Structures are given as C-alpha cells and as structure tokens.
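Only one structure is covered here, and it is reproduced in the block below.
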Amino acid sequence: MRRGWKMALSGGLRCCRRVLSWVPVLVIVLVVLWSYYAYVFELCLVVYLILYHAIFVFFTWTYWKSIFTLPQQPNQKFHLSYTDKERYENEERPEVQKQMLVDMAKKLPVYTRTGSGAVRFCDRCHLIKPDRCHHCSVCAMCVLKMDHHCPWVNNCIGFSNYKFFLQFLAYSVLYCLYIATTVFSYFIKYWRGELPSVRSKFHVLFLLFVACMFFVSLVILFGYHCWLVSRNKTTLEAFCTPVFTSGPEKNGFNLGFIKNIQQVFGDKKKFWLIPIGSSPGDGHSFPMRSMNESQNPLLANEEPWEDNEDDNQDYPEGSSSLAVETET
C-alpha cells in the first residue's frame, strides 16, 4: 500500500514538472503575441509593417523549430548488447569493467574520454557515449553534441537543433532591435505629451521597455554562442575541457573559423539563414584538429585561437546566465 502511494506521488510530481516546464515557453509566447497586437493593431505603423512581418515570420519559425525539433540520441550500435550488459553488470571488479568498455569502444569512432582517461559510459542509458554526447537529466536521455538544456524552449539544445537555436537568437535580437528603433519616435511624442490616446501611451512605453530589456539579454547570449561557434565548442566544452585519448585539449575540435561555422550551418550558404537542417554529419563523430594536422602539417604551426593570457579561461564571465546546465 505504501509502495503504491510512493509510485502515485512520484508520477504526480513528474506530471507537475512536465506541466511547469512549459511555463517559460508560455511567457515568451504571450509576450510575443502582445507585441504583435500592440505593434500591428494599436500603433499600426504601416510603413514598417512589411519588414516587421518578414522578421516576425523568421522569428516564430526558428522558435518553433527550436522547441519541437527533438534532440537526437545515439544510434543502436553505441548501446550495449543484452549479453554485454549482463556481463558488465555482473562484473564486480571496476578495473575489469573498465577494460570491458575499452574493448567495446575499439569498434566505435570514440576518441574522447573521462577526466581519468576511462571510456565515457552512461549507466542510465547503458551506452558508450559518442564524442560530444552527454546525458541530460531533464530530458532523461543522452543527447548528441549536447550544448545545454534551455528552459525558454523547454528542450535540449544539441546536434539536431543547435542551428535553429542560434538562428532563433539572431532573429530575436533583430526583432527586438527593429521594434525599439521604430517605436522610439513615438516614445519621444509620448514624452512631449503629443500622444492623445491613453492606450497608445501604454503600448509605446511598454513596447520600448520590453524590446530594450530583451535586446540586452539576448545580444549577450547571442554573442556568447557566436564565440562558441567560431571555436567549434559547445557550452559544456567551454566549461569543461574535453579529454581525448592523448589528454585534455580545449581546441580539439577547432578546425579554423570558416570550417567551424560550416560545422553548424553546412557548406551551402543559401541555407544559413533558413531554419532547415543543413549541419554536416550524423552527430556521432566529428572532425578533429589533430586529424587535420596529420593530413596537413601546416596546420600544426598555426597559432591557437586563444591568446596566452586566456589559457586559464575557457569562457566569458557571466556567459551562461540564461542557460541551465543539466549534463551529468
């Protein structure tokens, strides 16, 4: 009886958590809908409406794709077989378990390790983690090239939707900037008392305040992710340097500025601004700097992205204030 109550309570808490996780998304949707109503129907700035709607369409399209594009999980070959799982769980000696994972990983394109040099294994999903893959405790699954779990889209940002998330940030910044610049002249009229309508006064004042507030926070987050893309890093890799078979290497996936951008947006520039999937690869393996250097020795003489004074700093201060890190 007591066990049944515990299961019912646990199920109820999970249900409440799922419902509450949509609250940030609902807040964003309500703010955007209000801004659309205030801008289009209350102020009715006819001259600006064409460009406004173009930005609004791309803003909502990228937001939708960021929310509803499911995180991609490792395929079946990275999961332990039933026999291997039984052997691993029945083995009590840690050193033998470690060697078993090493033997299994030899058949897979896995080059990153834990801080102690062991094969990265998820004991919840029972799989060997591909490079740049991490377990999200909120989504309760391993996510390929996981960046972070974002409450504002109620989704895990990773290989399958990182391009859409970056585009969403870009169009959000543009959306806020466009509203703020076009409404500013009406704010001056409000300040001089030249707006007769009380409703218009409220919408002008609130539109400008909300647009500026979101613009400041979004431009910081967008700038931080542009910095990450330029160095081919995820948020998790900026906080914790990836470890390879040869040891820690914070520039392990850095291929150069142009190639780093292509790792997110693809080779065809015509798709860079459109929220359609164009990232190369399957998310299970990625080109590494060490391999490029072996193919082209000239790369080995290149200066690293970071200056010497930045060697002890992997990320800008305060850069993760709008992201929730949940990797375990």
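Numbers here mean position along the shown chain, with the first residue as 1.
Including glycine, each Cβ sits where the backbone N, Cα and C put it.
Quick look at what TrEMBL annotates:
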- 303-314: compositional bias 'Acidic residues' (COMPBIAS)
- 318-328: compositional bias 'Polar residues' (COMPBIAS)
- 120-238: domain 'Palmitoyltransferase DHHC' (DOMAIN)
- 284-328: region 'Disordered' (REGION)
- 20-39: transmembrane segment (TRANSMEM)
- 45-64: transmembrane segment (TRANSMEM)
- 168-190: transmembrane segment (TRANSMEM)
- 202-224: transmembrane segment (TRANSMEM)
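Same-chain neighbours of the transmembrane segment (20-39): 45, 52, 56, 59-60, 63, 67, 138, 151-154, 179, 183, 203, 206-207, 210-211, counting only residues six or more beyond its ends whose CB sits under 8 Å from a CB of the stretch. Same-chain neighbours of the transmembrane segment (45-64): 28, 32, 36, 39, 153, 164-165, 167-168, 171-172, 174-175, 178-179, 182, 273, 275, counting only residues six or more beyond its ends whose CB sits under 8 Å from a CB of the stretch.
Mean pLDDT for the domain 'Palmitoyltransferase DHHC' (120-238) in the predicted structure: 92. Note on the domain 'Palmitoyltransferase DHHC' (120-238): DSSP counts are 67 helix, 16 strand, 36 coil.
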